[in-house]
């Protein structure tokens with residue numbers, strides 16, 4: 001039988017973080033251990049019934065079983081534009097500044113292909129969602145990490161980047177509310193970033209998937225597009241996944257600079273055929289009618305966050321109280337690397353958390369807890385951690 005060698009771009013990839021966690025989890029579960037998984041950020045709360053009913057109704061329309069538009073239904077894109085206006089007071093032209101995505105991950109993965117040439121520099125604020133550097137590498141880009149440090153509230157020090165690097169940079173990936181640190185961006189930071197990007201002709205790719213999971217009405221996460229001049233240089237990726245508990249539906253959007261949106265759309269029309277239209281129609285209903293349900297989800301996540309923070313404090317594990325996202329970013333106990341602690345925790349207690357170094361070297365010394373199980377299970381998980 002012939003053997004086929006993987007392309008170099010695959011051979012150099014590290015194991016995908018969450019796939020590796022699933023593998024280890026399966027090994028321990030096979031031994032009969034009760035697993036509490038706080039690893040992957042996949043909401044356990046159900047999609048609201050009214051969204052499911054909208055999908056059911058739309059799926060009965062024969063028109064929705066034909067090929068969809070590559071860029072998405074105009075009605076869906078208009079619903080996105082209306083939602084951005086209501087939520088962030090950002091004006092978007094639905095015909096030019098919005099494109100639908102098969103989940104934001106798909107759009108992020110394809111975006112560098114539209115703008116990165118071999119050898120171009122891509123800056124990634126890290127710890128980071130692994131897709132940013134992988135997608136940039138697939139496009140031939142040279143990736144450099146910009147560390148996010150706790151003493152700077154996990155915001156990049158833009159002045160520490162030399163003018164030479166700014167001039168070489170094609171794309172700068174940022175993510176707020178941040179996965180995994182849960183940090184949020186300030187208007188001052190975004191203003192500084194936009195000014196740097198405009199000065200050096202850099203594209204800002206902002207991942208904003210967690211803006212709707214927040215815990216204080218006075219601390220709502222912001223969109224980079226609220227920043228004056230941001231639309232000149234920025235594209236923002238968003239998703240219905242975390243907001244409405246629709247991770248499996250694969251429905252997202254990219255918005256912002258028209259030429260950046262068009263470039264991404266050009267890639268998409270050559271590699272995919274858009275989102276099932278019934279899902280888009282359900283997405284319209286979610287965007288228009290979902291806020292009362294999202295408010296209830298926030299209350300649940302806040303209760304879970306507070307439960308975890310209180311329990312970690314009792315066992316002297318340090319963490320910053322997050323204002324947003326579905327994660328708690330905690331310091332690894334003294335004497336362990338991130339991977340050592342996570343592996344020991346899983347093997348000896350059955351609790352799955354994510355090692356900080358899985359999000360890049362800047363994540364070493366931390367681990368991430370996902371608030372995706374009920375409060376009783378969270379308490380049980382922290383109780384097991386305390387006995388380690």
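Here, residue 1 is simply the first one shown, and the rest follow in order.
In case you wondered, yes, glycine gets a Cβ from its N, Cα and C as well.
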Of the candidates 77, 250, the one that Swiss-Prot places in the pyridoxal 5'-phosphate site of 70, 104, 105, 129, 179, 210, 239, 240, 241:
250
Select one of 304, 305, 368: the residue that Swiss-Prot places in the substrate site alongside 16, 41, 105, 129, 179.
368
Please report how many Å separate the Cα atom of residue 368 (substrate binding site) from that of residue 242 (N6-(pyridoxal phosphate)lysine), as a whole number.
17
Measuring CA to CA, name the entry from the recorded positions 105, 129, 242 that ends up nearest residue 70 (pyridoxal 5'-phosphate binding site).
105
Considering the binding-site residues 16, 70, 129, which residue's Cβ sits among the greatest number of other Cβ atoms within 10 Å?
129
I need the most crowded of these binding-site residues: 239, 241. Count other C-beta atoms within 10 angstroms of each C-beta and give me the top one.
239
Which entry in the list of recorded positions, 105, 242, 368, has its Cβ near the fewest other Cβ atoms, using 10 Å as the limit?
105
Can you tell me the CA-to-CA distance separating residue 41 (substrate binding site) and residue 239 (pyridoxal 5'-phosphate binding site), as a whole number of Å?
14
State the count of C-beta atoms found within 10 angstroms of the C-beta of residue 41 (substrate binding site), not counting that atom itself.
23
